[in-house]
Amino acid sequence: MASAMRSLIEDDSRYLKSFKLFLERSTEHQCVQEFIHNVLPDILGSVGKGKTHLNVIGVGSGAGEVDLEILSELHSRHPGASVDNEVVEPSAQQLQDYKALVLQKKDLDYISFNWNKMTATEFEERWRANKMSKEADFIHMIQMLYYVKDPEATTSFFQSLLSKTGKLLIILVSGNSGWGKLWKTYKNQFCNPEISQCVTTADIQSFLDSKGARYQSFELPSQMDITECFTQGDEKGELLLDFLTEVLEFSKTASPELRAEVMELLRHPDCSVESNGRVMFNNNLGVIVLD
């Protein structure tokens, strides 16, 4: 990343603001929910067969909305089983929101929540240091592998925790998405070298293929309205640009040349389609399910 530009994740408040706006402007949650309710139940039906207690790990759980939907589907497939749910999330605000959501919900008596305010890497270090032997029946890592140094090693570690019938669910942006094109073009300019911000499911699949690993994969069509990005000085447009580039205050810190190039690419058919005066960015997600 160019020295004048800082990573968006260095400012938790602005990151959360831009992330919430991204969710409002995109069909991300809807397409993930459709997958959870229409495809995931059959996958969950095959985990922990006959067990009366299931171990779940949510890595990068955020504010918990998606976690609770997954746990609800798991419960419908294994109604008699109690669940031990490890929540791994480094943001204090997100964890607070998750806990508040749990308090609002009824019928969660079958779940015990273990709150881990830490990164995936810190969780792995603690797990290894304590020589934990507990196996997981289901692990989900949704939109979080961008924030680790080595996504392949993180994937391998969590896969190693699975029980015999356990499954690991990974959701990231698809290699065929606008993100894939954007990151391929500008990885060196605005991706933080300390983490793997520019990783897509195509990268993870290449790694798994090189190991000869078996997995299922799915593509989830999604769009994001980025029209506001093209109005100079628009506050929401600037937030969306920060989220797209993962650069803090991108419009103010990028050179005019880089900004112009990025804006041109965002409008390019490889990244977006224009419809009814709106610019709709290809936000397709990829899903990988590992045994």
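Positions of Cβ are set from backbone N, Cα and C atoms, glycine also.
Under the three-state DSSP scheme, Asn283 (substrate binding site) falls in the coil class. Spatially close to Asn283 (substrate binding site) yet at least six residues away along the chain are Ser26, Thr27, Glu28, Val173, Ser177, Gly178, Trp179, Ser222, Gln223, Met224, judged by Cβ distances under 8 angstroms. Annotation source Swiss-Prot lists substrate binding site at Glu28, Asn283, citing sequence analysis.
The DSSP secondary structure for Glu89 (S-adenosyl-L-methionine binding site) is coil. All chains included, 26 other C-beta atoms sit within 10 angstroms of the C-beta of Glu89 (S-adenosyl-L-methionine binding site). The S-adenosyl-L-methionine binding site annotation in Swiss-Prot covers Gly60, Glu89, Gln94, Ile142.
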Around Ile142 (S-adenosyl-L-methionine binding site), how many other CB atoms lie within 10 A of its CB?
21
Gly60 (S-adenosyl-L-methionine binding site) in three-state DSSP notation:
coil
